[in-house]
Amino acid sequence: MNEPVLECRALHKRFVQGILDVEVLHGVDLRIRRGQRLAIMGASGSGKSTLLHLLGGLDTPTSGKVLMDGIDLAALNERRRAELRNKTLGFVYQFHHLLGEFTVLENVAMPLLIGGASVARARDAAAALLRRVGLGKRIEHKPGELSGGERQRAAIARALVTRPKCVLADEPTGNLDSKTAEQVYQLMLELNQEFGVSFLIVTHDASLAHKMDEVLHMEDGRLV
């Protein structure tokens, strides 16, 4: 049976500040299975990014559960949660978040080094993946020397270098022109097939979203 690699049950999230009390998520249920490609669409402020942060273990829900590879995140301390997150998930954002003082190779190798891999193994794996995403001749360049599309390709390589089970992508092409966005999406689809990794993508682009296996819509903190 294809068990979920990432799941949330009855997920609620409230933000309270002074007299302000806003419930952003209202009992969200979601399962992501191995190799599945899901897109979530919705207006700004509908709760999409909040959901991704909770699924990624980057924030804690007000109530409900997040299960990562079958493990309840609430049962883990911060160190164990970070270890599980590093092993199970990859992250891609609208802005690449590559570190400007490091080369592209060093940026992509970093998750493996954080996970305890040797420098040689981390560099070899990063170089191989950078070649796969078309950046084999750019590995010693700094992020500032790359185009927007190249930086996002490097960010995708960084997300996949640990061979995660699922990649969470928040508007991964939102900062790119339409042609480059199409190329980046095509790359993600190819890597989904090659590595069997799941993709959960938040996007405003309907044409790109419909390349996924399933498109979900978020309205006022609920998946509909």
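Cβ from N, Cα, C; glycine included.
Marked as domain 'ABC transporter' by Swiss-Prot on the basis of sequence analysis: 6-224.
Classification of S44 (ATP binding site) by DSSP places it in coil, neither helical nor stranded. When other Cβ atoms within 10 Å of the Cβ of S44 (ATP binding site) are tallied across all protein chains shown, the result is 7. For G42, A43, S44, G45, S46, G47, K48, S49, the entry in Swiss-Prot reads ATP binding site.
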For S49 (ATP binding site): DSSP state (helix, strand, coil): helix
Additional residues around ATP, ordered along the sequence, whose Cβ is within 8 Å of the centroid of G42, A43, S44, G45, S46, G47, K48, S49: M218
Those residues of the chain, 6+ apart, with a Cβ under 8 Å from that of S49 (ATP binding site): D170, V202
Average model confidence [pLDDT] within the domain 'ABC transporter' (6-224): 87
